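What follows is one structure encoded as structure tokens, with my remarks underneath.
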Amino acid sequence: MRACVLVHVLTMVGFALGKAPVASVRTCHLCFLEDPSIGCISGSEKCTISSSSPCMVITIYQNVKVRFHVRGCGQHHSFRCQENHVIYYSDYWYRVNCCQYDYCNSWSSAQHQSTLPGPPGNHLGVPLSESQIKQFYQALHLPLFQPDLHTHKVSEGPDSLILPPGLGLSIADLRKIYLFLNSSGLLVLPQARP
């Protein structure tokens, strides 16, 4: 009997000593505007948070149709995971999914596909160009965050920012949604880079 207890204790000690150290930060995918069919339109990045906080996928619906996804770093409010909640407009609402390991909020589709499956009109649009992505972040006035893009002057004219018509929201409405998600304790907005 004592030998059996000793074996169990030694086994437990062996497992405890053999565990890998837990990282102090978690890395998540970051995308502010993802079409469910074609992937991240707004430029894909990554974000880091404390290891006690989750990676998030926030799905924005209009009535029962998925309009877009937001992927990013969540704040430590795990009770909010799997929550459904109405935003600003009676026909828009969100659903939150959380996960607790690096890059667990993976993409729902291949990124930046050149051909779109399904009939035209079912997608938000093609990925934005680098200058459009820069304009997108500037127009949102998010906390001075700019994605890792090659430095160049943002051009006006044919390459200027036009949100995908299938989205059905303005830049101002998107900004309200992102700030709401941040202030409600769901999404951590990236900070300015030095």
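Just so it is clear, glycine is given a Cβ too, placed from its N, Cα and C backbone atoms.
Per Swiss-Prot, the feature disulfide bond maps to C28-C55 (among others). Summarising the environment of C55 (disulfide bond), the number of other Cβ atoms within 10 Å of its Cβ, over all protein chains shown, is 25.
DSSP assigns C40 (disulfide bond) to a strand. Annotation source Swiss-Prot lists disulfide bond at C31-C40 (among others).
Residues or ranges marked as disulfide bond in Swiss-Prot (evidence: similarity to another entry): C47-C73 (among others). Within 10 Å of the C-beta atom of C73 (disulfide bond) sit 24 other C-beta atoms, taking all shown protein chains into account. DSSP gives C73 (disulfide bond) a strand state.
In sequence order, P54, V96, N97, C98 are the residues of the chain that are 6 or more apart from C81 (disulfide bond) and have a CB within less than 8 Å of its CB. The feature disulfide bond is assigned by Swiss-Prot to C81-C98 (among others).
Around C99 (disulfide bond), the same-chain residues six or more apart in sequence whose CB sits under 8 Å from its CB are P54, C55, N105, listed in sequence order. The disulfide bond feature in Swiss-Prot is assigned to C99-C104 (among others); the stated evidence is similarity to another entry.
Taken from Swiss-Prot, the feature domain 'UPAR/Ly6' covers 26-118.
With a 10 A radius on its CB, N182 (N-linked glycosylation site) counts 16 other CB atoms from all the protein chains. As annotated by Swiss-Prot, N-linked glycosylation site applies to N182, with the evidence given as sequence analysis.
The signal peptide annotation in Swiss-Prot covers 1-18.
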Disulfide-bonded residues listed as C28, C40, C47, C98, C104, least Cβ neighbours within 10 Å: C104
In sequence order, the recorded positions (C31, C40, C47, N182) whose C-alpha falls within 10 A of C104 (disulfide bond): none
Rounded to the nearest Å - Cα separation of C73 (disulfide bond) and C28 (disulfide bond): 6
